[in-house]
Amino acid sequence: MHLTRRIPNILLAAVTAAAYIWACFAANFAEQFVCLNSAAAVLGSAARWIASAGFIALPAALLYGEQRCRAAAIFAVLPATLFGLAFSGPYFAVCPAETHEIAAYAAVNLSVLASCTYLAFGGLPTKKEAAGAAKLLPLLLLGVFPLNIFMQVQPLMTAKFLLFRNFGPWHIFFILLLVAATVAVYFLLRKKSGEERFVALFLLSLALFFQLAARFSFVRLNDYQTAKGIVGALPLYVCSFGIMLLPFAIISGSSFFRGALFMINCPGAIIAFVWPDTGPVTVLHYNVTYFVFSHILLFVVTAHLAISLGGAPRRAHLGHLAYAIAAYYLLMVILNAVAVRFGGGYDPNFSFVAKCPLPLPLHELLPVHLGILCFSPPYIAILCAVQFALCLVTYFLYRLIARLAGGAKGGKGGTPGEIQKISRSTGV
């Protein structure tokens, strides 16, 4: 499977993905799955849910010619988009949107229609491809499932048996679910070809990216962390930044890119699961459903970069990773300053992994003021050192496990020839 060199395919994939992300940033994206007060609203929301699967299917179809995704786009995403447009009038009548939100809605629909029509000009899918798409579509829909929809059932938000608390029954269940999901994906991909593993992980990474983008809509709709605007919802957390980079790490084929994300994302996801910050809510509240979905999938996909795609961490990666970590925290300091300055009452996130979990105000130690920037160099140095130490521990644990598992050098799932083929097909 080769990354296409056809300019129209690349442009359509980029424009469509950008339009989806723009639409997700609009507050009404989350709202369209909660205004379910009529049959037309329900049908329209269902159609827009199916159309959202294009965020996952279209890049794979356009960039790699994945035939099942192409068939799903033509037979499901295209008609669902047209159907959703037909029911957009009643939706906007009940939930009025601002001009920029309507523009985002129009942009994503036009780009999806253009991409699906372009794919259809290549000929209709065969029966075999359509059958494969029918099996794939439920998984695509699960990847773009509106995780905030349960909040419309108020009894589910107050049921005592559903309350989430750290190290309670639900917390332990989710930890076991993380382990089960990782093992299940391993056995599902173990006997697949290198190309099939590549496609599977690429699609999973796109599902993660979609849910992260949709999170911005919920943040704006519910005034979470900030009064208004998307500035206060900047991706300041380590896990969010890792989610954003995952699809590009898979496409790039870079062993350093994949290995670095493995050493950063895996311990980050584990720590987040041990010390979640979801608040006193039920397990069906969006804070919990998003947290569980995103962190399980983040760990599973990142772990399989090493297990299935030859992205195992190497000693040489550690030296480069030290610079990458320092650059990351420098970028986060700048973004944090922008959020505090323009976010309208934003509560600054000084730890970049949760809302200031440390009991001591280390972020106030020897502060430095540079214009709108205000940060503590000693605290940033501590964060960099801790992050690098976690990467170092992850590296040695992986090498130990690989050696105990049979000395599988580099953790390369599949034969070296298959991994080399994947790297060549992605331009590395």
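Quick reminder: no glycine exception, Cβ is built from N, Cα and C everywhere.
Model, not experiment: these values are computed from the prediction.
What TrEMBL records for 408-428 is region 'Disordered'.
According to TrEMBL, the feature transmembrane segment maps to 42-64 (among others).
According to TrEMBL, the transmembrane segment annotation covers 71-90 (among others).
Residues or ranges marked as transmembrane segment by TrEMBL: 102-121 (among others).
Residues or ranges marked as transmembrane segment by TrEMBL: 133-150 (among others). Within the chain, the transmembrane segment (133-150) has long-range Cβ neighbours (under 8 A, six or more residues past its boundaries) at 30, 33-34, 45, 49-50, 52-53, 55-57, 68-69, 71-72, 75-76, 125, 156-157, 203-204, 206-207, 210-211, 214, 218, 284-286, 289-290, 293.
Here the transmembrane segment (170-189) has long-range neighbours at 162-164, 196-197, 200, 269, 273-274, 276, 283, 292, 295-297, 299-300, 303-304, 307-308, 413, meaning same-chain residues at least 6 beyond its ends whose C-beta is under 8 angstroms from one of its own. Marked as transmembrane segment by TrEMBL: 170-189 (among others).
What TrEMBL lists as transmembrane segment is 198-218 (among others).
The feature transmembrane segment is assigned by TrEMBL to 230-249 (among others).
TrEMBL lists 256-276 (among others) with the feature transmembrane segment.
Residues 147-148, 150, 164, 174, 177-178, 181-182, 185-186, 189, 194, 197-198, 201, 204-205, 207-208, 211-212, 215, 218, 239, 242-243, 246, 249-250, 258-259, 261-262, 265-266, 268-270, 272-273, 276, 278, 281-282, 398, 411, 413-414, 419, 422 of the same chain lie 6 or more positions beyond the ends of the transmembrane segment (288-309) yet place their CB under 8 Å from a CB of it. Summarising the annotation, TrEMBL assigns transmembrane segment to 288-309 (among others).
What TrEMBL lists as transmembrane segment is 321-342 (among others).
The transmembrane segment annotation in TrEMBL covers 379-398 (among others).
Against the transmembrane segment (198-218), the recorded stretches 42-64, 71-90, 102-121, 321-342 differ in Cβ pairs under 8 Å, and the greatest number is found for 42-64.
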